[in-house]
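K.L.:
Pasting in a structure now, in structure tokens, and then I'll have a few things to ask.
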């Protein structure tokens, strides 16, 4: 019986080699000259690569290469791995082939710029924050019905960030104010009008003994994994930590020499924090090392030529990515950080302002002489606003991709290992400030300054199964957006 199954698998394999499904997302990874030699390359391949038996017994296919879905299914039926089922890496290898690049479906269309968006951890909810003082929570499992429509309180300029608690019971939202508000997501109230139909408790990140301390705004806010703390990045060059159980601010770190645009916890322990600033630096903070003599950074990551707009942690306390106003995304290993950046001068044009000026052409070829990043991804545009970037989901892709919004109205997807651009999603008519990938399904949602929330999925039966296809539509005349 096993011999018959193996014969069937080899027959399917031969048919698969004859044509049909694409063999890769950005070229043959094992032979790419653009690869960088680092531990994360092997980690990515282990988490998203096919079983070695499939690679070994498939002619001209190495462990690093892509094995077609047909071959994977036939190999599973033949029990080539000896387990009788797909491993987690096998599942990632299959799912990661089908990028969410299908013709988009419009989830919502408002008259207000969309600034932030995110899926919940289980993918059942989707949150979008708009400049027009409102936040919408959609129920993904009920055909994207509005689960809660929140009218924000004490808003200054726009919703700068939102974050859902790990247990999905509470949502916090921030603006250019030191007050963060918290909303009960699980309540029965659909129309949540601040302090009218529902209480939006305020969490004060300012200091009562400093009259000037209430002038700062909050650009980024994140829950800790246990849901007990919030960490915030602010316009007064600082990082703040708020204890929700004690209902008080517990930590103030004078972190940078310019606006801190982004902050996040490095892993589930909550001890280590990453931050990025307009001083062009990414910094690593270990709270266990703080003492009475100061709160020095554990290390500094140098490489961006302009300010850092966003940081996303891989969740392992070791790797992170950052978007920069130098029009690049960089991948970092904190083990390469330096302890001091005072001798690293800023390399920039002092007259350039990303909010309304194009990036100087000559600067696109510049590189920091002491760049500590592992590799750099370019092609997207980081102008007008704080564009965000992320690792693709662990469950469905093994974090083998990096994706980012862009001020040229598109969403870009890069292969983490090869650096190849494997997707460019063109639909919006304004900068795409934020984008979120469903944690389980091949589904991506983009939110733009054109007020549209658009859902992208993997190609359907009427479309070519080619995840490396770049989707391009006729470009329309677009309004020149300002921050």
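Even glycines carry a Cβ here, placed using N, Cα and C.
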K.L.:
Can you check which of 13-36, 37-60 TrEMBL lists as region 'Disordered'?
P.N.:
13-36
K.L.:
Six or more residues out from either end of the repeat 'WD' (425-457), which same-chain residues have a Cβ under 8 Å from its Cβ atoms?
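P.N.:
Contacts of the repeat 'WD' (425-457) (Cβ under 8 Å, skipping residues fewer than 6 from its ends): 95, 98-102, 104-119, 121-123, 126, 128, 130, 140, 144, 383-388, 390, 392-396, 403-413, 471-473, 475-476, 478-479, 481.
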K.L.:
What are the DSSP helix, strand and coil residue counts for the repeat 'WD' (425-457)?
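P.N.:
In the repeat 'WD' (425-457), the DSSP-based counts are 0 helix, 20 strand, 13 coil.
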K.L.:
With DSSP as the yardstick, break the repeat 'WD' (253-286) down into helix, strand and coil residue counts.
P.N.:
0 helix, 19 strand, 15 coil
